[in-house]
């Protein structure tokens, strides 16, 4: 019995730490994508990572996905193509760097979502996973800073601390929702947080978008909403 309990805690630690590493890497890639491209386009693109855990819910955990949700997933995939489309992008260094960071962020957050769902399916204690998650993420971030020899400014530290506290609250609620609800509905609902970034980019930072990009954002939002119906 003790051996089983020990293995359980080791698995909790490993999955939690991996979630933390993916979360940290995803946020690093997301912040770099924000530096290279408009936030109002980056946010809905990265929100498409919800597709991964939704499909995982159907294939691995046998949750039912309705035809409406499949239509929503299709809309989100169309939005990804429309939003990232840039005529005459050949030779535009910042465009390709932006897309690269967006893709890495989508992969990190998508895999993170699958692991979160796995941890709730295995009935791990959310607090144990959160502790391992932020422990693993902090170690990964520290190693990254050491290798890149980056100095952290006081302003960055203050903003990072505030973001970290909000992240703890957010992921705590996230795990609770996953343990009491249906994952294929929860993930797209949480993805709606991209709306805050879209509105902030358009209205606070005056980002200028083309008509087809605005259409892509609208398609993405419709897709996210359909996947939660």
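Quick reminder: no glycine exception, Cβ is built from N, Cα and C everywhere.
Since this is a predicted model, take the numbers as computed values, not measurements.
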Query: With the ranges 183-204, 205-226 to choose from, which does TrEMBL describe as transmembrane segment?
result: 183-204
- prompt: Are the transmembrane segment (129-147) and the transmembrane segment (67-83) close enough that 3 or more Cβ pairs fall under 8 Å, when only pairs 6 or more apart in sequence count?
  reply: no
Query: What stretch in 6-26, 38-61, 159-177 has the biggest tally of Cβ pairs under 8 Å against the transmembrane segment (129-147)?
result: 6-26
Message: Please compute the mean pLDDT of the model over the domain 'EamA' (7-83).
response: 82
